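K.L.:
Structure incoming, see below.
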């Protein structure tokens, strides 16, 4: 789930400065709507988990108590495809666990109440990655609070005593909005403030700029203006990870020499057909603007975006319908279809065609951190 | 004013009636429906409607576009409830109208008229929310069990009467087509003709052909009626009955229209087989009754597995054969969202009619209703009956089965401000 920026401060023409950050909350009601969408995604995830679409032992702990609701079958299926597709991209990036392998790094933008880090940590013998979550302080605070009250989450982080206790590997900031541990960091940060940092590394303590790194934006950058979204990505591609990694030079293929870097996007697309137009106006009625949607309206526009933003070694995309059809095995499709009677095939296809997963990467000549992505089936065309 | 009329008035204003009145209404409706056969016979003229799904304000728009009850005869092909915010208001209004004007409105069962489906797709929750208990849901489900499974429309005209509404330039230019029958006409919600197709008058047994003149963006109409070979017997369409030789000379050439929510079943090769089903039960997970409510036509040969997990997919060959064997000219069904409101397939042998515009307040589609006119020759009239209709009433004096003239009225969702939607919509509408 993405965190959604404070839309009051983002909206143009209201006489408010934009990009002022999260402190600019002037309408608590609006803010609650935004917060509600985060809860909403965790509720959707819990629904999919409880019905057997997903296996996620941490879904309950990271869903607000008492908010469990059964979602409609198409929503459950969409949650399933979105989650398993990103899982697969992440798993292929991390590769099989083995001791003494170079560690990798994942940075999740607008992570919200996402459970992925806990699922990864518990699925690998010892952590061979560093996982960073970036979100507004209000969201990171809620998440850290959830961790503090859920022993199963603490166990995954390797703590049996309360967080921040004596000798604990985990430290939490005084405000309760930041968390540091050997493999998991939670950063309270407004993404739009990142590009303004003169010293990129200081903006996100704990990020190792030499490691092959995967950025994940699950419905996050889409809420920024196109310029802001572009700057946030550039902050990583050029700022934080732009420096020449020790012992490597630029090569003939134009690799910059910065660490291998990949990006996964999950966002709506195709705003210009009947469904898309209704989507835009329905969300606008709720005060939600998908600001980059029209700029990156098609799969082709997404691929171009990756190319132009420095992910020169690969750019691929597929809508959720394509991925359901082509990535999910027949056996698994049968299992999922058997969970609930889905009486909405046309609606499912309509909905699923309006969300895409796009992924792109840059490697280094001698490190192929994204080799696992090369044989994935992507969708052609727009 | 009777209690029933008062209830209708109240429901038309989108206000619910008391639980005790719902119980009484459902009891009366059941008494009425129990007398109907599995396949109800309906005389043209009739307006055929597809899924409603609790979109009450759009149902009001449908009545505005199609004419009010009882002035217009309606046949609703199921899926009254679930998904929309006003399943109760929509279904109870339709039920009131059914009880008040039993011969003017026909309701057949959709796959959502089921206990199991309504607990997943919203109607059950709506009943709890609006009435505080599951009682009303239970009364409604008992009515669902008595709804007919299909309907046969008889006496439809093969030729469309000219639209009485606004004649625009296009319609005038149509007059230039001499010696041809208006076969299909599409009108927007203001009554403007947006598309017409014609076929030459069939004076001889020569093959019909279609002169299609698209005025609006092309639609999937390539209907070439009459290509379906004529059945060799002459019983009343849809009955499987053979001619009793009553010698009625002037009869309708138009084949009957079978209306069913989903589609055909591999277990059903004749309309008569539908009549043999014991329908008064919850929709089963499989079998003929399930298939009728769940199946979809598809561009395949023969039968295929349905991705819905119930019912089957069936191809054009199946439709052609079924229509031929049963003296049908058309199968009208609902069940599938169609962005353009209606979709004819297989040379016009089957049509999907979808009557929930901007489905789930999200899909951006338009809706349609299908009007079948009355055969002006008067030969095809069969008294409407709620049970088995007179089988000796052979009405086909000609071996040719001609498809009926079809007038589609396409309409959009009721205006936002009149729809009265809750300001805060369920947030899971989209993935955020």
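FYI, residue positions are counted from 1 along the chain as it appears here.
Each Cβ is built from the backbone N, Cα and C atoms, and glycine gets one as well.
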K.L.:
Since TrEMBL lists A:82, A:110, A:190, A:191 for S-adenosyl-L-methionine, which candidate among A:50, A:152, A:218 does it give for that site as well?
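P.N.:
Within the candidate list, TrEMBL flags A:218.
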K.L.:
Let me know the largest Cα to Cα distance in Å among the S-adenosyl-L-methionine-binding residues A:82, A:110, A:190, A:191, A:218, as an integer.
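P.N.:
Between the most distant Cα atoms of the S-adenosyl-L-methionine site, 24 Å.
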K.L.:
Using a Cβ-Cβ cut-off below 8 Å, which of the binding-site residues A:82, A:190, A:218 are near chain B?
P.N.:
A:82
K.L.:
Three-state secondary structure of residue A:218 (S-adenosyl-L-methionine binding site) from DSSP?
P.N.:
strand
K.L.:
According to DSSP, does residue A:110 (S-adenosyl-L-methionine binding site) sit in a helix, a strand, or coil?
P.N.:
coil
